[in-house]
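Take a look at the structure set out below.
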Amino acid sequence: MSDSPAVPGIEDLPEQMRIRRDKRAELLASGAEPYPLGAKRTHSLTEIRAKYAELATDTASGDKVSVTGRVMFMRNTGKLCFATLREGEGTELQAMLSLANVGEERLAAWKHLVDIGDQVAITGEVISSRRGELSVLADEWEMTSKALRPLPVAHKDMSEEMRVRQRYVDLIMRPAAQNTVRTRSAVVRSLREQFHERGFMEVETPMLQPIHGGASARPFATRSNAFDTDLFLRIAPELYLKRCVVGGLDKVFEINRNFRNEGSDSSHAPEFAMLEAYEAYGNYDTVAALVRDLVQGSARDVYGSTVVTHADGTEYDLGGQWREVTLFGAISEALGEEVMVRTPYETLKKYADRIELAVDPVWSAGQLAEEIFEELVVDNLRAPTFVRDYPVETSPLVRDHRTEPGLTEKWDLYALGVELGTGYSELVDPVVQRERFVQQARQAARGDDEAMRLDEDFLRAMEYGMPPLGGFGLGIDRLLMTLTGLGIRETILFPMLRPE
RNA sequence: GGGCCUCUAGCUCAAUGGCAGAGCUGCGGACUUUUAAUCCGUAGGUUCAGGGUUCGAGUCCCUGGGGGCCCA
């Protein structure tokens, strides 16, 4: 605690910030505390609003209360001052300070020392103003937290950069920003509760991993000093959750962060929340039904309906059975040419050239097919759609298709043109799994830096016997995008940006 | 990784190569019922950083940085 600011170059501060620091000093000099330990508070603003909702215009309740809030609006006139207080959840209530009630000295102090953005406590009678505004007519007021920075203008949108960099200001200024956070919290809670109702157990598996695996992506690398070893931030929890299933934890899920060392755009963030779940004796059909039920259940829990209203006012329907297409069926339809898993690379390359797709020479035929799919089809998958049956060389952790050679039992779930999640009939044969890892290692050697690494301990776990298994992953941020219609940077409270 | 746009007062934005401005905010004043009050007065700037062209650069050029959009 100090009277003198520890900020270097304090004299160089913008005028408005200097003045607010001066007001803080004046409060201290007058014996008041700009940051008191607590405040007198008998009711929340929400409680006052509820309790006096019926109070008639221009009447007094006779009830004395103490309330607190941040000053969002002020109107200082000669002998009667108005201020709009807002509390955490966004409820607002008017405070009125009249010369007759607080006296000349306290009214002058209010006008001189209180700025928009300050947090104050008001004690007085609950009344309704002449205009019918529910108010607390102050007998006394106290500063509860002096703001040293001015809030942005309330009537203009903040720039996107400021909203994201200074999310705390966004949360103060924009109730919709708080709503997004609340919605996210409610969705995650709903998912957890639904899992528990179905007998799933939540586990936490390593974020720091000696070998990154479970997905195709570039990892963040870090280092343990104590163990003198390189570590990776996980790109997926998959290989550890499967170890759990080997151990007899037959129905497990995890909701936690994954990290991928890649750029960010409207649907990608380097750090993102992932749900993964595994169900012994399940397969890609059972987990497709499961993920659909979970998403629809969370929509019902949070919005009361599987038809949700997006930020732009349009309705989006998550209800009913979701459309299912096969990967190669979708490609064939988009190209107007019959494409199968056996279609040779040269033919696919010809089609890729026709649509002017830039082809990376390290891609296999299967990868090329998936790239064509992403180029031609993905944007059009607006309604929730399962895309099924992927080529084996891009699906190293997935069981071979029960009837279609060269394909695996994998689906990707798309909505609004964005991949929401993926689900498998999991590969549980350790001998085949080892072959798949070896194939991935060959791809890595060819220059594919997203190829998976061989995880010997994971194979050892598999060799003890993994039951038939269905699993899926669902991006939490992207689920929120689907439910709200917002971009990923709005669904994440503090998305990564370059340091200022 | 490539292309395009953008960065000016606390915030949102103006300014043909020629005095750096407005609204809100702030400060001082008037006003006992305001809802972005009104009125009078007033303050506030390293125009992202560095370099260049020019009599003169917020503006044109180069390099670097931040942000956004599109493409890969």
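Positions of Cβ are set from backbone N, Cα and C atoms, glycine also.
Where the annotation comes from TrEMBL, it is an automatic prediction and has not been curated.
As annotated by TrEMBL, domain 'Aminoacyl-transfer RNA synthetases class-II family profile' applies to A:182-499. What TrEMBL lists as Mg(2+) 1 binding site is A:Asp412, A:Glu419. Among the features that TrEMBL reports, Mg(2+) 2 binding site is placed at A:Glu419.
Note on the binding-site residues A:Asp412, A:Glu419: the fewest other CB atoms within 10 A surround the CB of A:Glu419. Per-residue pLDDT, averaged along the domain 'Aminoacyl-transfer RNA synthetases class-II family profile' (A:182-499), amounts to 93 for this model.
DSSP assigns A:Asp412 (Mg(2+) 1 binding site) to a strand in the three-state reduction.
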